[in-house]
Structures are given as structure tokens and as C-alpha cells.
Amino acid sequence: MGHQEEPPRICKTPSGHEQGEGPAEKTSKPSTEEVGWDGPTDPARPVNWSRKKKWWNMGIISYLTFLTPLTSSIVAPAQGLVMKDFHSTNRTLASFVVSIYLVGFAVGPLFLAPLSEIYGRLRVYQVGTFIFTIWNIAGAVAPNVGALLVFRLFAGISGSGPVTLGAGSVADMFARQERGVAMSLYGLGPLLGPVIGPIAGGYLSQAQGWRWVFWLLAIVSGVAVILVLFVLSESYEPVLLRQKAKRIRRENSSVEVNAGQALKLDSRKVFIQAITRPTKLLFLTPNVALFSLYTGVVFGYLYLLFTTVTEVYETTYHFSQGATGLVYIGIGVGALIGISCFGALSDKIQNILIARNNGQAEPEFRLPPLIPGSFLIPIGLFWYGWSTQMHIHWIMPIIGLGWVGCGMIATLLPIQAYLVDAFGEYAASAIAANTVVRSIVGAFLPLAGPSMYATLGLGWGNSLLGFVALGLLPVPVVFYFYGKKIRMNSRYQVSV
């Protein structure tokens with residue numbers, strides 16, 4: 001968000017009298033003020049907020065980025081109950097009850113990211129969370145599977161805001177050298193949420209029925225509505241400057257005020273530019289395209305596991321529905337280990353590289369943890385696949401899932417931090433493009449899971465996934481060593 005640049009200033013355009021054109025007349029135009037921040041330490045600027053205010057806001061955003069991904073998987077252990085209740089035995093349709101939510105996650109960012117540039121991040125968080133709550137209530141009373149699919153789709157659209165805008169909010173509030181911990185907290189939700197979801201959903205649906213899964217979601221999202229309405233603050237600088245300009249106009253109507261040339265675009269033009277920006281970045285910039293593909297594969301694997309682990313443990317290890325949810329703890333523990341290792345290393349490694357680079361920061365300095373981290377997901381898939389294929393003790397596949405969880409953190413955190421640093425003011429658009437791709441793959445790859453495992457078995461099926469993941473290893477290596485040259489290449493300078 002330009003935190004490294006000189007902050008905006010208030011510039012006054014003098015009247016004719018001030019320019020030495022003779023005495024001022026009563027009909028002379030009033031002076032014009034261009035509104036900016038009151039110096040580099042202006043406390044109204046989000047990057048200068050108190051530590052307490054920053055982390056209150058960060059905590060709420062992290063809660064949202066935990067809650068909305070949790071909703072994607074919480075119904076996974078209850079797929080059988082849902083289909084039984086609606087008298088269907090279609091396994092692909094059962095998987096789609098889970099994954100259609102991610103179709104909404106793919107559609108939502110295309111609209112919510114540009115709307116945040118017009119109305120601010122806060123308004124999108126508020127309206128989106130309220131509508132998200134409504135769709136969860138609708139899911140609890142769904143009369144048939146078709147209606148449930150529609151409600152899940154719209155819940156995904158309205159719930160995609162926090163994941164799309166969260167990285168931009170981090171960039172708003174934290175200087176580049178301080179973002180590592182905040183990005184780790186933001187990035188933890190999209191991984192821990194889907195892991196904890198099946199644990200809660202398994203026992204709750206077994207005890208109270210699958211509809212109570214949606215009532216629980218409605219309750220916890222209702223709490224989120226209260227937080228975003230009464231505690232969360234706006235952090236998007238252009239919107240804050242527009243608000244400041246309006247406030248000055250009200251207090252002194254004799255002074256013409258604007259919030260900078262870049263902020264005077266009409267809403268329609270801003271919306272069109274912002275809605276096309278993620279598409280341009282996705283198709284015209286190699287870093288966004290390849291890292292979006294990378295995260296798409298990772299999320300596709302995650303949701304493929306979510307939709308198949310339940311059946312594997314019920315049929316192979318004879319777990320109850322509630323106990324099956326506990327299997328996902330393996331991914332959660334792995335994710336926590338990944339956070340403690342890779343989250344802590346992110347800022348340290350970057351600071352070392354900055355010092356070696358004569359104090360000059362580069363986005364590519366976020367990528368070193370991704371290189372060793374790229375081996376973890378293949379290790380986990382081989383471990384999980386062959387453990388289940390050979391019917392080895394049930395703890396062994398869970399350990400394999402732990403490797404997968406750790407690898408996902410090691411993959412997603414550096415990529416998100418890299419995109420935020422590389423695109424600055426347009427970080428939300430880069431993350432939106434990334435979210436669209438990973439959500440589409442996450443929605444549709446699980447549909448191929450049952451037929452793939454039926455043909456190849458759990459061992460070779462998961463090995464195939466592992467080999468594909470290994471094939472992506474050159475991506476972070478290439479961008480670490482040549483990323484700046486690629487970014488500076490005029491062929492990839494996109495007008496956004």
C-alpha cells in the first residue's frame with residue numbers, strides 16, 4: 001500500500017492574490033486543498049495505528065479467515081447423512097455438497113475486490129459477513145439437496161471476502177518488515193479452518209444431525225457480524241483519505257477539497273478497472289499465473305483429502321463418523337508446526353537477505369522457505385497413500401497427513417507474502433486472482449477423487465498427486481533467482 005513511499009501531503013493551490021496577480025476580489029475562487037496524511041507519523045494512517053488497535057483488527061480478520069474456510073469442510077463428515085436424508089446415493093453429488101462452496105469462493109473475489117476499492121474494506125467485511133450468516137441459516141432449513149447446493153454456493157460467494165481482502169488489510173496496517181507474523185496469522189485460518197471443520201462437524205452431525213452443523217455456523221458467524229459492525233476499523237488508505245476530504249468540506253465549505261487525483265475516478269470506472277485487474281494479472285504476469293497454479297494444486301489436494309478421508313477411515317479402519325473427524329487433526333498439527341517453523345523464519349530470512357542486498361528489500365526474499373517446503377506435500381502424499389493401501393496402523397496415514405499440513409503452510413504463506421510485497425497497492429487484486437484459481441481447482445478436483453482411487457488405488461493414486469507436486473518444485477527456484485528480472489521485463493508490465 002505504498003508504506004515505503006513518502007506519505008501524501010496537503011497542497012494548497014493559491015488564489016490570484018497569492019500568486020501576485022493583484023488584489024483578491026470577492027469573486028475569486030476559493031483555494032483548493034489536496035488532502036493527504038499529516039506527516040509520516042500521522043496516527044490516522046493505519047500503518048501508524050497503535051499496536052493494540054492493529055492486533056484487534058488483525059484478530060477479527062483472522063477470525064473471519066478462519067470461519068469462512070471452516071464452513072467449506074465442516075459438512076464433509078456429514079455427507080452420508082445429508083444424502084441419506086435426501087434419498088440419494090450419488091457419490092459425486094455428495095462430494096459436490098462440500099466443494100460447491102469453493103465455486104462461490106472463486107466467483108466472489110471478482111466482485112468483492114473491486115467493491116472494496118470503491119466502498120472500502122470495512123463495508124465489504126460488514127455486508128459480506130451479514131449475508132454469509134443468512135445463507136448459513138438457509139442451509140439449516142434446506143428442503144432438498146438442490147436448494148442446499150444453491151445455499152452453499154451463495155454462502156461461498158459472500159464468505160470469500162475475508163480470504164480475498166485479508167492480505168490487503170495486512171499490507172494496510174503493517175510495514176513490509178513487520179508483515180511476517182501478521183501474514184502467518186492471516187494464512188493460518190484458511191488451513192486450520194478446513195481442518196477443524198470436519199472434527200466439529202463429525203461429532204455434531206452424529207449427535208444432533210447434519211442441520212445443526214449449519215445452525216452452529218449461523219451462531220458463530222452472527223458473532224462475527226457483531227465484531228465487524230462495532231469493533232473492526234477501515235484500513236484502506238484511499239477510502240480513509242476520501243472520508244477525510246468529506247470531513248474537511250463539511251467543516252469549511254469555502255475550501256475546495258479533493259483526496260488526490262487517483263481517488264477522483266468515478267465509481268463505475270473504478271469498478272470496471274478493478275474487476276478486470278485480477279484477470280489481467282492472472283493471464284499476463286507469469287508470477288501471478290504460476291503461483292496461482294501452485295496454490296490451486298495445493299488446495300485441490302487439500303479438498304480431495306477432505307472429501308475422501310472420511311470414507312477411507314470408515315471402510316479401511318472402521319472408524320465411527322465422529323472419530324473420523326479426528327483424523328483431520330493430523331493436518332492441523334502439521335499446519336501448526338509449519339506456522340511455528342516457517343512463519344518465524346519468514347521475517348528473519350528476509351531481514352538477512354535485505355542486509356546482504358545493501359538494505360534494499362525485494363519481494364523474492366519471501367520465497368526461500370518455499371523451496372524446502374515444496375518437498376513436504378509429496379512426502380505426505382506418498383506416506384498417506386501407501387500406509388492406507390497396505391492397511392498399516394491407523395496412526396501412520398495421520399502422520400502422512402501431518403506432512404501435508406506442514407507443507408501447505410510452507411507453500412501458501414510465502415506465496416501470499418510474496419504477492420502482497422510484489423503488488424503493493426494492488427495486492428488485493430493479485431490475491432483475488434490467486435483465490436479464484438485455487439478455489440476452482442479445490443472445487444472440481446475432489447470430484448475426480450473417487451474414480452481415480454477406484455482405478456489406481458490409494459497407493460498409486462496419491463503417488464500420482466505427489467509426482468505432480470514435485471513437478472512444481474522449479475517454480476519457486478526460478479522466481480527466487482530470476483523473479484526480479486521477470487517482473488522488470490517490459491513484456492510483463494501490465495497496465496492495471
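Just so it is clear, glycine is given a Cβ too, placed from its N, Cα and C backbone atoms.
Lifted from Swiss-Prot, the feature list:
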REGION    1-45  region 'Disordered'
COMPBIAS  18-32  compositional bias 'Basic and acidic residues'
CARBOHYD  ASN48  N-linked glycosylation site
TRANSMEM  58-78  transmembrane segment
CARBOHYD  ASN90  N-linked glycosylation site
TRANSMEM  93-113  transmembrane segment
TRANSMEM  130-150  transmembrane segment
TRANSMEM  154-174  transmembrane segment
TRANSMEM  180-200  transmembrane segment
TRANSMEM  212-232  transmembrane segment
CARBOHYD  ASN252  N-linked glycosylation site
TRANSMEM  288-308  transmembrane segment
TRANSMEM  325-345  transmembrane segment
TRANSMEM  367-387  transmembrane segment
TRANSMEM  395-415  transmembrane segment
TRANSMEM  427-449  transmembrane segment
TRANSMEM  463-483  transmembrane segment
Cα-Cα distance linking ASN48 (N-linked glycosylation site) and ASN252 (N-linked glycosylation site), given in Å to the nearest integer: 27
Considering the transmembrane segment (154-174), which listed stretch of 93-113, 180-200, 463-483 counts the most C-beta pairs under 8 Å: 93-113
Nearest-integer angstrom distance between the alpha carbons (Cα) of ASN48 (N-linked glycosylation site) and ASN90 (N-linked glycosylation site): 54
Any contact, the transmembrane segment (395-415) to the transmembrane segment (130-150), with at least 3 Cβ pairs under 8 A: no
Remote residues contacting the transmembrane segment (58-78) - C-beta distance under 8 A, at least 6 residues beyond either end: 97-98, 101-102, 105, 125, 129, 132, 136, 155-156, 159-163, 166, 169-170, 173, 182, 185-186, 188-198, 200-202, 205-206, 210, 213-214, 216-217, 220-221, 224, 227-228, 231-232, 303, 306-307, 310, 321-322, 324-325
Interface present between the transmembrane segment (427-449) and the transmembrane segment (288-308) (three or more C-beta pairs under 8 A): yes
Cβ atoms near ASN48 (N-linked glycosylation site) (within 10 Å, other residues, all chains): 18
Leading contact stretch, 93-113, 130-150, 180-200, 212-232, 325-345 vs the transmembrane segment (427-449) - CB distance under 8 Å: 93-113
Contact check, the transmembrane segment (212-232) vs the transmembrane segment (93-113), 3+ Cβ pairs under 8 Å, seq sep 6+: no
Contact set, same chain, for the transmembrane segment (130-150): CB under 8 Å, 6 or more residues outside the stretch: 68, 71, 82-83, 86, 88, 93, 96-97, 100, 158-159, 211-212, 214-215, 217-218, 221-222, 224-225
Under 8 Å by Cβ from ASN90 (N-linked glycosylation site), same chain, sequence gap 6 or more: MET83
